[in-house]
Amino acid sequence: MTKSYHIAVLPGDGIGPEVMAQAHKVLDAVRQRFGIRITTSEYDVGGIAIDRQGTPLPQATVAGCEQADAILFGSVGGPKWEHLPPAEQPERGALLPLRKHFKLFSNLRPARLYQGLEAFCPLRSDIAAKGFDILCVRELTGGIYFGQPKGREGSGQYERAFDTEVYHRFEIERIAHIAFESARKRRSIVTSIDKANVLQSSILWREIVTEVAKAYPDVKLSHLYIDNATMQLIKDPSQFDVMLCSNLFGDILSDECAMITGSMGMLPSASLNEQGFGLYEPAGGSAPDIAGKDIANPIAQILSLALLLRYSLGADDAAEAIEKAVNTALAEGYRTADLASASNAIGTSEMGDVIARFVAQGA
């Protein structure tokens, strides 16, 4: 009997619903071509949930996600809700609690410069011409963002603020395994990022990553200090395959990787727990200024679906078919407004149609 899967779909705010609609088209094409039994249920999250139910993360949404095999997330937030206390705003009140509730400890952010889009890369043309395909693997639940103690105290010239960087062995081991396993499916190169010349937490990080590497003799490991890594990423991003980072360093480097691709509308992300359950979302925001205008780029949402199929459902063939279809669409000149002049751009919905058609055709 064919196994069936269930996805909790959380479109959210801004461009979320319209780009999610394109992911649904692509999912329909995947079902038909590969015969995978996948059902979906939609739930409110973010600002629309505040408007309808008084909270950015309703209990019904959490319960629906608990019954699912994975979460496909759109985007949340917008000016309408910025007057609320920070903890009640869509971003902090929805996404962070979901990550905590499902113990999502690893964040995977692919950053790729697609052929034909080199002109959008802010790097020098000779660097962009080499292309790059990087996977940033970021530890998501440890480090300085969560370490204790943290706070402020004192007054006058003695007023001070403090945060604490803490990492446990098990936290470093499990994120390192994610990086090495991911590298095996790519070019088998891991670059671990730390500040082991200064920080005790980074010394432990480097020691443990080196130990874990022994279980992956087919994967090449190197280490870079964070300051050098940021420079090397600008100098020659093509040298990197998988970048393994702590929470703070990954936060910085994953955004740097995103920026040098030239369009946030192309970048998916995955956040996973130890059981393979994941939340998949575009790396960009809700872009309320372009919502409802049929000009948003849906590719990040569609590629987030591909990551979901690969990491949570184990459907590598279907994931590769989506990625190939995106490649084909771009190679044949299909562009949304962020990647083209207004005169030759296609809309959000048409881009979804094109990619779904290519998935169905195996193009």
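Quick reminder: no glycine exception, Cβ is built from N, Cα and C everywhere.
Under the three-state DSSP scheme, PRO90 (NAD(+) binding site) falls in the helix class. Within the same chain, residues at least 6 positions away in sequence whose Cβ sits under 8 Å from that of PRO90 (NAD(+) binding site) are GLY12, ASP13, VAL45, GLY46, GLY47, ALA49, ILE50, PRO56, VAL76, GLY77, GLY78, TRP81. Summarising the annotation, Swiss-Prot assigns NAD(+) binding site to 78-91, 285-297 and lists sequence analysis as the type of evidence.
The substrate binding site annotation in Swiss-Prot covers ARG99, ARG109, ARG138, ASP227, and the record cites sequence analysis as its basis. For the recorded site, ARG99 (substrate binding site), the DSSP three-state label reads helix. Its own atom aside, the Cβ of ARG99 (substrate binding site) has 17 Cβ atoms within 10 angstroms in the protein chains shown.
The site 'Important for catalysis' annotation in Swiss-Prot covers TYR145 (among others) and rests on sequence analysis. Residue density at TYR145 (site 'Important for catalysis'): 14 other Cβ atoms are found within 10 A of its Cβ, drawing on all protein chains shown.
Residues near LYS195 (site 'Important for catalysis') in space but far in sequence (CB under 8 A, at least 6 apart, same chain), listed by position: SER202, TYR225, ILE226, ASP227, PHE249. Annotated site 'Important for catalysis' per Swiss-Prot: LYS195 (among others), in sequence order.
Look at Swiss-Prot and you will find ASP227, ASP251, ASP255 tagged as Mg(2+) binding site, backed by sequence analysis. Within the same chain, no residue at least 6 positions away in sequence has its Cβ under 8 Å from that of ASP255 (Mg(2+) binding site). Taken residue by residue with DSSP, ASP255 (Mg(2+) binding site) is part of a helix.
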* Structure fact -> Within the same chain, the residues at least 6 apart in sequence whose Cβ is under 8 angstroms from that of ARG138 (substrate binding site) are SER106, ASN107, LEU108, ARG109, ILE175, CYS245, SER246, ASN247, PHE249, GLY250, ASP251, LEU253, SER254
* Structure fact -> Integer Å value for the Cα distance linking ARG99 (substrate binding site) with ALA287 (NAD(+) binding site) is 22
* TYR145 (site 'Important for catalysis') versus binding-site residues PRO86, ALA287, ILE295 - nearest by Cα -> PRO86
* To do: Counting Cβ neighbours within 10 Å across all chains shown, tell me which of the binding-site residues GLY78, PRO86 comes out on top.
  => GLY78
* **Cβ neighbour count within 10 Å of ALA287 (NAD(+) binding site)** => 23
* Neighbours of ASP227, ASP251, ASP255 excl. site residues, C-beta within 8 Å of centre, Mg(2+) -> ILE226, THR230, LEU248, PHE249, GLY250, ILE252, LEU253, SER254, GLU256
* Structure fact -> Here the binding-site residues are GLU82, ASP227, ASP251; the one whose Cβ sees the most other Cβ atoms within 10 Å is ASP251
